[in-house]
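One structure is given here, and the rest of the page talks about it.
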Amino acid sequence: MENVIELRNATKKFKGFSVENIDLQVKQGLITGFIGENGAGKSTTIKMMMNLLKPDAGEVKVFGLDFRTHEKEIKERIGFVYDGNVYFEGLNLKDIRRIVGPAYSQWDDDLFYKYVNQFDLPLNKAIKTFSKGMQMKGSLAIALSHHAELIIMDEPTAGLDPNFRRELLELLQEIMVDGKRTIFLSTHMTTDLDRIADYIAFIQRGKLVFNQSIQDISDQYALVKGPLDLLDRDTEKDFVHVHRFKTGFQALTDRVKAVEDTFGNSVVIERASLEEIMYFMKGERQHV
Amino acid sequence: MFNLIRRDVILQKRQLLFFIPFILFFIFMNSHPIMTFLVASIFIPFNAYAYDEKAETNVLLNSLPYTRKEIIASRYLGAVLYMILAISLSSLALFLLDKPFTMRDMAIGSGLFLTFSAFTFPLFYIFKQGYIFTIVLISFLVLAGIGPSILNYVGKYLTPLSQFLANLSGETLYIGALLSALIVYCLSWGFSQKIYQRKAF
């Protein structure tokens, strides 16, 4: 499978915050969800992918091309949706189309109006009168109207009500049907991704923890519940992190097979949701 | 790239309604034609910067298929283009209202505009967004207020310089001044481009 985005050892340091040695490959034709807490480095990583930030070290390639030599070619093929509105808020969609459209050689007016219709967006109202959901839909309509092969979204579901979120996620699945398109979207709401993502990249405190297919994640990670007396220094080795309660323990393991061998039927092994994985991983780091 | 320059007109279509009255105001106030040319030239480019001061605009422009070089070039070329437009319009207005003006006024007006822009444009890229527009506006008013008296002072006390200038023919002087303004403008362009390349959004 081909990689649409490749980050190799990408590092960017700020005062008091950094993303370090990010090695991340985003596969073509799939939806990759990028998860992590607020402030984990998701936006910084996305900005490096868009060349809004240049990494201090390492390299970023999109479509196998380098921004230094192919900036325009790369951006021609990307559609972007950011957390906040980046379009001139005093303008209406018609005027924004007049500014943004000609920037793309593949801009398709018919497609744009099709999405505007589909999303029920007013053409003559200023963007600042739009609700958060409408602004996001407007950005999405623009992102989809130049036949982009890669859609990069930074927290597109933030601030949307549940119905709207569901609608957006369905729409994303819809635009994936031709198989050539790739979507990379960041979110801190992991439940968004359980339904649609093929791959999950997880970033924590500026470091990439994993980038795996949903299938691999559910094979590898599991939630283990059992009585406290099973825990000792040896058995705990199989856990990423353990939470102790009076009634027993709950732990995350990334070695399901080993846990099965050690504990057999004396523990309950359940599928771990992304949220649980994130939660336990956070604990693990804090205890080190 | 032309599209980037055209963007300013789309963004400012409302403000442009005030453009002609704005020019007429200066003419009716009997401002010197140089002053009229200068303020008319400043109108569109500096309004454009007021829009671009918002951080999101830079995120947008840099996410579209433009290079940073092009974004800066569109600003500097756009300013010259809008200056030519503004000076032509003002000349037309002056002509129709039967107010006298000379080619010399146009040369000085555009020279002043280029010099003023050369020093202020980079500020928009150096400093944090939000305040620069106000600073530039105030500094312009102050300069316009005390500028002439400074020149008088220089003329009085730096006699060798003024004598040297007086010895040049009028033509050479104004063309020379305009050319130097252009050179300063180009240096400023290169400088802004350098800063902008390194920026993070």
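Glycine residues also receive a Cβ, built from the backbone N, Cα and C atoms like all the rest.
Copied over from TrEMBL:
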| type | residues | note |
| --- | --- | --- |
| TRANSMEM | B:16-44 | transmembrane segment |
| TRANSMEM | B:76-97 | transmembrane segment |
| TRANSMEM | B:106-125 | transmembrane segment |
| TRANSMEM | B:131-151 | transmembrane segment |
| TRANSMEM | B:172-191 | transmembrane segment |
Long-range neighbours of the transmembrane segment (B:131-151), counting only residues six or more past its ends (CB under 8 A): 35, 42, 46, 49-50, 53, 116, 120, 123-124
Leading stretch by Cβ pairs under 8 Å, where the reference is the transmembrane segment (B:76-97) and the options are B:16-44, B:106-125, B:172-191: B:16-44
For the transmembrane segment (B:106-125), sequence-distant contacts whose Cβ falls under 8 Å of one of its Cβ atoms, 6 or more beyond its ends: 33-38, 41-42, 45, 49, 52-53, 75-76, 79-80, 83, 87, 91, 132, 135-136, 139-140, 143, 174-175, 177-178, 180-182, 184-185, 187-189, 191-192, 195-196, 199
Within-chain partners of the transmembrane segment (B:172-191) [C-beta distance under 8 Å, separation at least 6 from its ends]: 72-73, 76, 104, 107-108, 110-112, 114-115, 117-119, 121-122, 165
Residues from the same chain, set at least six apart from the ends of the transmembrane segment (B:16-44), whose C-beta lies under 8 A from its own: 8-9, 82-83, 85-87, 89-91, 93-94, 97, 99-102, 105-106, 108-110, 112-113, 116, 140, 144
